[in-house]
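Annotation comment: TrEMBL describes 2-96 as domain 'CS'. Under the heading compositional bias 'Basic and acidic residues', TrEMBL lists 134-144, 157-173. According to TrEMBL, the region 'Disordered' annotation covers 134-173.
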Amino acid sequence: MSHTPDFYWAQRKDKLFLTIDVPNVDKNQVSIELTDDGKLSFKGRGGELHEKADYELHLELLHPIKAEESKYSVTARNIRFVIVKKESGSYWERLLKQPGKNIHCKVDWEHWKDEDSEDEFDFGSAWDSKDMADFDFGSDKESSSDEGSLEGDDDSTAMKEESLNENNHENHS
């Protein structure tokens, strides 16, 4: 008898993230099928080291997808999918065609993003020092204006003292 694994999902306007939670699946004995009409099938043997079991999952997604452009990877911890939606646009109201709660379906908080915040710039992996080239950091000389000054801030004073000590140390070396 096969076990039904838990699976996690999140989405963007153009794709779905789906993770099947089965560790230690043998890559050579896994069976995965993904079709354009939104059907996903997984069969594999995995689990904890001395508690291996057969797992099986059959899902029918709410809308069609682009199976050819979608990808998956079998890792030591789970099976991860990036599924391309057939039509990019608004978020799906749910993952599965079957309405109601599926006890094995959970939110993937690692990939979760609200639909209305998706267009905001992500300063994560896309952030690079060359992105700061157009920022105005002011001149190297300190201004005489108190505007924007952190003079009264203890952390600011400590940082200035630390910087001065480093400069004095460099000058004596």
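Any Cβ shown, glycine's included, is placed from N, Cα and C.
TrEMBL: automatically predicted annotations, no manual curation.
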Over the domain 'CS' (2-96), what is the model's mean pLDDT? 96
What is the number of residues in the domain 'CS' (2-96) that are helix, strand and coil, as DSSP sees it? 3 helix, 51 strand, 41 coil
